[in-house]
Amino acid sequence: MPDMAHPRPYALHTTLEGHGRAVCAVKFSPDGSLLASASADKILRVWSTTDFSLRAELSGHDEGVSDLSFSSDGRYLCSASDDRTVRIWDLAAAAAPVKTLTGHTNYVFCCSYNPHSNMIASGSFDETVRVWEVKSGKCLRVLPAHSEPVTAVDFSRDGSLIVSSSYDGLSRVWDSGNGHCIKTLIDDDSPPVSFAKFSPNGKFILAATLDSTLRLWNFSAGKFLKTYTGHVNSKFSIPATFSITNGNYVVSGSEDNCVYMWDLQTRKIAQKLEGHTDGVVAVSCHPSENMIASGALGNDKTVKIWVQKNEDQLED
Amino acid sequence: MNATIVDPLQGDFPEVIEEYLQHGNMKCIAFNRRGTLLAAGCADGSCVIWDFETRGVAKELRDKDCIAPITSVCWSKYGHYILASATDKSLTLWNVLNGKKITRITLQQTTLHACLHPGSCTPSLCLACPLSSAPILVDLNNGSSTVLPVTVSDTGNGTTAASHPRNKFSDGSPPFTPTAATFNKYGDLIYLGNSKGEILIVDSKNIRVNAVIPIPGGSVVKDIVFSRNGQYLLTNSNDRVIRVYDNLLPKKGAAKELEMMSGTDDKLFEIEKLKEIGTKCLHLSREFQDVVTKIQWKAPCFSGDGEWVIGASASKGEHKLYIWDRAGHLVKILEGPKEALIDLAWHPIRPLVVSVSVAGVVYIWAKDYTENWSAFAPDFKELEENEEYIEREDEFDLMPESEKVKELDINQDEEVDILTVEKDSAFSDSDASQDELCFLPAIPLPDVPEQQDKCLGSSLKLEDSNHTGSPFSVEAAQNGQTILPASSPFEVVGNSTPEEAAGTAGMKRKRKPSAKGMELQEEKGRKPQKKVKSTGKSSKSKNKNGDGIDTNGSVLDDDVTDEYL
C-alpha cells in the first residue's frame, strides 16, 4: 500500500466477519478493551480488542442499527436504530437491552452518551435532537434542531455543549443544560453536513460534508481553520475522528473503499488504507493504542482492524 | 457551563421560576462544590441527592436509625461525604457514593446548622450550632466536642476555653441565645456572631479568640456566611440589617497571619487589643435593609462569584427573595408561590437560585431566556428597534466577476491545538490529585416487563446471525402486541412524554419544556392517556408506514406506534 510521509504505516491486522449486512458504526470502548460494531442486520456485536473474539451479540432492535455509543465506564452501550428507538444495553449483565427510549418519530440516526453518562443525545430523521435521562429513560428535551435529517450528535468534553449536524447544511451548537442554540456553523454554499464531532479539548468541531470535504471549525469564531480533501464522500454519512495516540491525524472512511488519514496540521494525506471491498462508512480510533477500526457497506460487511506495522503483527 | 457564552450584559441573577423538584418533604438544601449535585434533607430523616443536570433523583440516603427531620445538610469539600443534622440531636455522616451511613453522633442539643471542616477532603471535624447554646466543634471520630467561646469577658477568662468532655461551659455562665458560626474558606479560623452583636474570630486549632469586631447596632447575629471565594463575609442581625464585610486576611494561612498580629504584647486591655486586631481582619463595606417595610431577613447568602447578595424575607407566609449587588443597590425582588420559604442556596457557578418552601418543594429560579436569533443563523443581526434601510447606489447592479471572487482569507497553515484543555478559572484551588466526586453513576432503571418481551434474543455466545436475529424478536413483538393491544403502545409512548410524571413511586416532576418543544408537543401530541388515533397526516413525514396505522391490535411489522405524527 502507498506509504506517505507517515513513518510507520498502519497495516491490516484482522478482519472481523459475521455481520449479515452493511456495518454502519464501529466504536472502541473508552478503556479500549472492547470494540462494538452495529449493522443494518439489526444486531450489534461486541468484540474483545485483545484477541478479537466475539464477546456478545446484542439483538433486540427491530430494524437496522445506525449508530452506537459507549458510556464513560464502558459498561453500557446505547444504539440508534431505524425502528425509531434508542436502546441501552448493559454489557456487564447478560447483554440484555436494559432500556428502550422511544419518542422519535422517524429513524434514529445517531446517538451519543455525555461524558458523565447520565444523559444521551440522539438525532433523527424527524429533524429533532432529543436529550434523554439515562436513569429513568425520560426525554428531557426535544431540540428543534434542523430542517432535514440530523446526521450526527456529539457532546463536548465537559458535557455542556452538544453539536448536531444535518443534511440541511448546518451544524449547530447547543447548550446541553437548557437546550438553547448557541451557534450555527454555515459555509457559503451549504452542502449537506453528514457528520460533526468535537475535538478532544472541545474547542473545535470537525465536520464532514457531502462535497467530499472535511473541515475543522473554530466554532466560537464561526470560521473554519482547516480543510481535508482527497477522499470521496457524496452519498453516505461517514464519520471522521481524531487519531492522537501517535501524532495528530484526522481519520475518515471514504466511498472509494479506503480509510484516509490526514496529518492534522499539514492537511496532507498521510496514508490510505486499502482492503475493504465496499465504501467504508465507519471508523474509530483506539483511545491509547495505535489501532484503527473500520466498517464497510453491504458488499463487504466486515470490520477491519489496522495497526501500526510491526513484523510480528502483520497478517498475511 | 461554558463561561464564555454567558452574556455579561444581562445581570447574572435569576428572574423566574424555571422548575420545581418534589420528592418527599424537603427541608434544607446544599449544593456540592461544582453545583452538579444538590443534597436535600427531608422531614423523614432521609437525604435526597438530585442530579442537577438532569433534575432527577440520583441517590437517596436512608437508614433505619435516621428518622427525625433533618435541619441542615453539608457536603465535604470534594463531595464524598454529607453531614446531616436532625431534630433528634444527632449528626450523621454519610458516604455519598455507596449511600451508607458512616457514623452517627448524638449531642446534647439539636443542631440547627452543622458544617464539615472545609479544608480537608476527609473531614473529621465539624462545626455545630445548636438551638440555644454556644457552637461546638465536634470530632466525628470519637464524638468529643469542644465548646467555642462566644464572648470575651473583660477579665479575659473567657478567651481561653479548655476543651471539656461534653457541653459544659468553662465559666459556668448561662446558655446563650443561638449563636451563628462558620468556618472560613480553609477552615483554619471560625467566625462567630454572638448575641451581643460582635464577630469573634476563633482559631480552630487552639480555640483562642484572636479578634473581636463589634457590629454597629450591637444586635443579635442570626446568620454569618462567607462568600465562596472567602473574600466577603455577611452577617444578618436582629436589627433587620444585612452587613457585608471585606475579608482583609489572606485566604491561605489566615490563622497564622492572625497569630502574628496578636503577638506577645501585654495582657492588659485584652479586649481592646482584640478589637484593634479585628479592624485589620474585617472591614464593613455595605449594609442592606428594607427601609420601608423593615422586614427581617432569612437565609442570606452570596452568589457564586460574590457579586450579588440574596436574602429572603422572613415575614410570615412570604416567599420573597431580594437581590442586591455589591455596590448596595437592590436589583431584583423575586416573588414565589404563597408558601413560606425555609431555605435558600445560590448555585456555585451559574446564575441559579434554589429555594425550599414550607411545603417541602424545591423551586429553581433561573434567568428568563430570550431567544438569541442570531445563534440560529450567523448573518442574522438583531435590532433593538426598526431601522430604516438605505440601499447603496450599486446594490442591485450586476457585477458577475466580483461575485465570483471568494476571498479565502483563512490561513490554513496555522497550527491548531486540539488537545490542550484550559483550566477552569472558577475553581482556582482545585487540586488535581484529589479525586472529586462530581457525579453519581447513572444506572438505567430496567424497563417494565411488557417491553422485555420485545427484546428477547440477545446472547453471549457466538451464534449464527440467523438464529438470534430479527425474525425471532419480530415474532415476539407481534405476540406482545396481540396480547396487550392497548397497553403496550402506551407503555412505550408514555416513556417519552416529557410532561408526564415519572413512573417511580412518590416522585412527581413538572418540567417546563423549551418554547419550541411546547409547540412541537401541541402540534402533534395529545395526552397519552387518550386513545391513540391513526397517524399519517404530515406531508413532511418520512415515516415509511405512511398512513392508516390502526393501533387496535392489527400489526404492521413490529412498529411501535405513536401519536406524534
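Each Cβ is built from the backbone N, Cα and C atoms, and glycine gets one as well.
Each residue of the repeat 'WD' (B:26-60) gets a DSSP state, and the totals for helix, strand and coil are 0 helix, 22 strand, 13 coil. Under the heading repeat 'WD', TrEMBL lists B:26-60 (among others).
Taken together, the residues of the repeat 'WD' (B:70-104) have an average pLDDT of 91. Positions annotated as repeat 'WD' by TrEMBL: B:70-104 (among others).
Residues or ranges marked as region 'Disordered' in TrEMBL: B:485-565.
Positions annotated as compositional bias 'Basic residues' by TrEMBL: B:527-543.
Taken from TrEMBL, the feature compositional bias 'Acidic residues' applies to B:556-565.
Panel annotation: around the repeat 'WD' (B:26-60), residues 19, 66-75, 77-79, 82, 84, 86, 94, 96, 99, 304, 342-343, 345, 347-350, 352, 354, 356, 360-362, 364, 427, 436-440, 442, 502, 507, 509, 511 of the same chain, lying at least six beyond its termini, place a Cβ under 8 Å from a Cβ of the stretch. Counting residues per DSSP class in helix, strand and coil order gives 0 helix, 23 strand, 12 coil for the repeat 'WD' (B:70-104).
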